[in-house]
Amino acid sequence: MSPTIYMIILSSLATGTIITMTSHHWLMAWVGLELNTLAIIPIISTMHHPRSTEAATKYFLTQAAASALILFSSMTNAWNTGSWDITQPLTSPSYILLTMALAMKLGLAPLHFWLPEVIQGSTMTTAFIITTWQKIAPMSLIFLTMNNLSTSVFLLMGLLSSLVGGWGGLNQTQTRKIMAYSSIAHLGWMATISSIMTNILIMNLLIYLIMTTSVFLSLIISKSKTIQDTTSTWTLSPTLTIIMLLSLLSLGGLPPLTGFIPKWLIMEELILQNFNLLISMMAASSLLSLFFYLRLTYTTTLTLSPNTTQTKFKWRFYPNTRTMFIVPPATISIFLLPMTPLILL
């Protein structure tokens, strides 16, 4: 794909998200989501391979269905109430349709089946865009309509997502699929807190985006598509190996690192609301997620694959990819925990 066309597509992708985030009219929100979906389809199918074509088709069908549900929900709501305003109360059928549509857009369980398949069929860079940028528009709609949506449904979907994200990632050997299930688990944590405290939801989303960016950039630089590929990361750059180790542990939510902030605050808030059983199950499911992060960190830093003399000293050469972009997200995803009181609004 030529750089000009690629820039036009990326600009359309950004514009679609911004239109959805800033709109108060349902039709404008829908237009933004459609623009967003249509812009990423060519990015997914850039690789001329049956798997990427299949991924693009699956993505288009699920996102088009979700957008149609959002349009149908807003039309039935406008028919009954006479208002197209996003922040106005919704009628009962409308909010049920909207909940289904937003869960499908984000990849929340039980509507998550498309996400691992689409990410596995994409390139690493496209998978990075799908797991980060593509979550912003639906999450902003959840933020705007949260007063009208059902708390119990979101708590249940959050619990299901964290369990599916934990169990689903255990048996995977492909790093993209592991990151897909990681995304489902993190979105589950966000869904549970969305109806209770929206400021923690925004903070969790920002921290998730930064941590996922850090891990994906590490995987892109080291060209690690499977767990086996990560065993040769140390030959490329010892510094990158350490960054990857800490970013993965942060994504797992281990205490001295940034990833612990959202889990800590969400658990504290849900315990205050007396959701003790729910939070116990979610904490147990986060241990499942931590297992596959630990497996990745183990292969990255503590395993030496059989190497020839030539491959051992790759770090002496100038890297082919730009490495400066990894510095800000890696720093934030490791060192932010002491600043927790300043982050909370």
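Keep in mind that glycine also has a Cβ here, set from the backbone N, Cα and C atoms.
Residues annotated as domain 'NADH:quinone oxidoreductase/Mrp antiporter transmembrane' in TrEMBL: 23-288.
Summarising the annotation, TrEMBL assigns domain 'NADH dehydrogenase subunit 2 C-terminal' to 290-344.
The transmembrane segment annotation in TrEMBL covers 56-75 (among others).
According to TrEMBL, the transmembrane segment annotation covers 95-115 (among others). For the transmembrane segment (95-115), same-chain residues at least 6 beyond its ends with a Cβ under 8 Å from one of its own Cβ atoms are 33, 58-59, 62-63, 65-67, 69-70, 72-74, 76, 130, 135, 137-139, 141-142, 145, 148-150, 153-154, 157-158, 160-161, 163-165, 180, 183-184, 187-188, 191.
Feature annotation from TrEMBL assigns transmembrane segment to 152-171 (among others). Only residues 6 or more beyond the boundaries of the transmembrane segment (152-171), in the same chain, are considered here, and those with a CB under 8 A from a CB of the stretch are 99, 103, 108-110, 112, 116, 177-178, 181-195, 275, 278, 281-282, 285-289, 291-292.
The annotation transmembrane segment is assigned in TrEMBL to 178-196 (among others).
If you look up TrEMBL, you'll see 202-221 (among others) marked as transmembrane segment. Taking Cβ pairs closer than 8 Å, the transmembrane segment (202-221) reaches residues 124-125, 127-128, 131-132, 135-136, 139, 143, 175, 179, 182-183, 186, 189-190, 193, 236-237, 240, 243-244, 247-248, 250-251, 258-259, 261-262, 265-266, 319, 321, 323, 325-326, 329-330, 332-333, 336, 343-345 in its own chain, all 6 or more past its ends.
Same-chain residues lying 6 or more positions outside the transmembrane segment (233-255) and placing a CB less than 8 Å from one of its CB atoms are 182, 211-212, 214-215, 218-219, 221-222, 224, 262-263, 286, 289-290, 293-294, 296-297, 300-301, 304, 307, 311-315, 319, 323, 326, 330, 333-334, 337. Summarising the annotation, TrEMBL assigns transmembrane segment to 233-255 (among others).
The transmembrane segment feature in TrEMBL is assigned to 275-294 (among others).
If you look up TrEMBL, you'll see 324-344 (among others) marked as transmembrane segment.
Tertiary proximity for the transmembrane segment (275-294) is limited to same-chain residues at least six positions away from its ends with a CB under 8 Å from its CB atoms, namely 155, 158-159, 162-163, 165-167, 169-170, 172, 178, 181-182, 185, 188-189, 192, 248-249, 251-254, 263, 266-267.
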